[in-house]
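Okay, structure first, notes after.
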Amino acid sequence: MRQFIFLFIIYAAFISLGLPDSLLGVAWPEMVGEFDVAYSSAGIISMTVAVCTVISSLQTARISRKIGTGRLILGSVLFTAIGLMGFAFTHNFLFLIVLAMPLGFGAGAIDTSLNDYVAANLKAHHMNWLHAFWGVGATLGPIIMGVVLNNHFSWRNGYWIIGCIQLALVIVLFFSLPLWKQKQQKVLEESKEGEAPVQAIWKRAGVIFSLVSFLVYVGLEGTIFLWGSSYLIEEKSLSAVTASFIISVFFASLTVGRIISGFITFWLTNQKLLIVSQIILLIGIFIVAIGSGGILYGGFILIGLGCAAIFPTMIHETPRRFGKRDSGAIIGYQVAAGYAGITVLPPLLGVLFQGLSMKLLPMFLVVFVLVLLGATIFIEKERGKKIYK
């Protein structure tokens with residue numbers, strides 16, 4: 001029963017991580033006039049969140065060793081609650097930028113610490129389901145904001161509601177601290193040697209390729225999020241409504257795929273699941289590139305199913321690939337690389353598409369997958385040569 005409660009708390013924490021992720025995009029059309037700023041100013045807030053998330057991810061392993069995973073997650077969720085509540089009350093755009101900082105710091109710490117704990121202590125199916133629950137949170141956030149706006153309430157009410165949900169989780173996490181202490185003691189006993197120096201971790205065979213994997217994969221995902229609809233409208237001559245619905249189907253298949261992948265891990269190894277997922281992803285991209293009409297739904301469903309297991313499986317493989325002792329630090333680097341990918345690659349490709357053609361989108365996606373596939377194969381070859389504790 002205690003284990004069930006503990007798992008419930010972990011899953012709830014990942015739902016909370018997803019809740020704020022898509023709020024700004026839904027609320028910004030209402031916010032922009034109220035703050036009297038340029039429409040593009042949302043990018044400043046998003047960039048602030050991303051930079052703070054990267055900084056937080058890189059420091060999470062060190063902080064977790066000092067104060068424990070439970071306290072770190074408790075403080076991180078409290079940080080996100082403060083940021084969200086601040087959004088609900090502030091009338092100054094500069095304060096929005098300041099309040100974006102605790103959102104980023106909290107997100108980075110929750111993401112890295114939970115991924116590290118689950119990768120080191122739980123089976124692969126939990127990792128896939130955990131990320132499926134992030135999808136639940138990322139879906140619920142815009143729904144809550146949409147209901148608020150459709151009922152003619154202010155966008156501030158939406159942020160207030162999500163902030164209250166986060167505060168409720170803070171209370172749950174506070175009372176669950178004894179459970180975390182028991183789990184943390186076991187982790188500390190297994191890692192008495194301490195973490196390796198940063199230089200030694202970076203020189204370890206396969207680590208750089210692992211970071212490249214996260215950079216290109218999350219960049220690929222972000223590229224589909226940002227430019228998928230535009231590609232369907234410009235190159236496939238679909239209406240904006242149809243294009244947005246197809247992208248919604250992609251989101252749904254990504255979340256459902258993670259649930260399915262959790263069951264698949266009972267009989268398929270992580271290594272095989274990664275290769276199969278990347279092959280499915282390539283097939284989906286090929287169908288989207290040459291297809292039209294209803295076939296595009298199938299293409300994006302396959303892309304979503306192909307993407308589903310990749311991120312959680314790569315995270316779960318980290319302790320096996322590089323050892324439990326340093327997995328916390330390496331996962332922090334991986335999460336940071338992922339955020340760097342989603343921050344840099346989609347806008348960069350946008351510039352290229354503007355100068356060349358949106359028709360090139362599938363080609364770039366294929367390049368990303370091939371880089372990912374090559375890095376995966378290289379890491380496994382290096383893994384066969386070295387054993388880490």
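Cβ from N, Cα, C; glycine included.
Unlike curated entries, TrEMBL annotations are predicted automatically.
Here is what TrEMBL says about this protein:
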type: DOMAIN; residues: 6-383; note: domain 'Major facilitator superfamily (MFS) profile'
type: TRANSMEM; residues: 37-58; note: transmembrane segment
type: TRANSMEM; residues: 70-87; note: transmembrane segment
type: TRANSMEM; residues: 93-110; note: transmembrane segment
type: TRANSMEM; residues: 131-153; note: transmembrane segment
type: TRANSMEM; residues: 159-180; note: transmembrane segment
type: TRANSMEM; residues: 201-220; note: transmembrane segment
type: TRANSMEM; residues: 240-261; note: transmembrane segment
type: TRANSMEM; residues: 273-290; note: transmembrane segment
type: TRANSMEM; residues: 296-315; note: transmembrane segment
type: TRANSMEM; residues: 327-348; note: transmembrane segment
type: TRANSMEM; residues: 360-379; note: transmembrane segment
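Counting same-chain residues at least six beyond the ends of the transmembrane segment (70-87), those with a Cβ under 8 angstroms from any Cβ of the stretch are 13, 16, 20, 56, 60, 63-64, 95-96, 98-103, 105-107, 109-110, 113-114, 156, 159-160, 162-163, 166-167, 169-170, 173-174, 176-177, 179-181, 183-184.
Tertiary neighbourhood of the transmembrane segment (201-220): same-chain residues 195, 307, 310-311, 314, 318, 321-322, 326, 329-330, 333-335, 337-342, 344-346, 365, 368-369, 371-372, 375-376, 378-379, 382-383, 385-386, 388, selected by CB-CB distance under 8 Å and a gap of 6+ residues from either end. The transmembrane segment (240-261) is in contact with the transmembrane segment (131-153), judged by 3+ CB-CB distances under 8 Å for residue pairs 6 or more apart in sequence. Per-residue pLDDT, averaged across the domain 'Major facilitator superfamily (MFS) profile' (6-383), gives 88.
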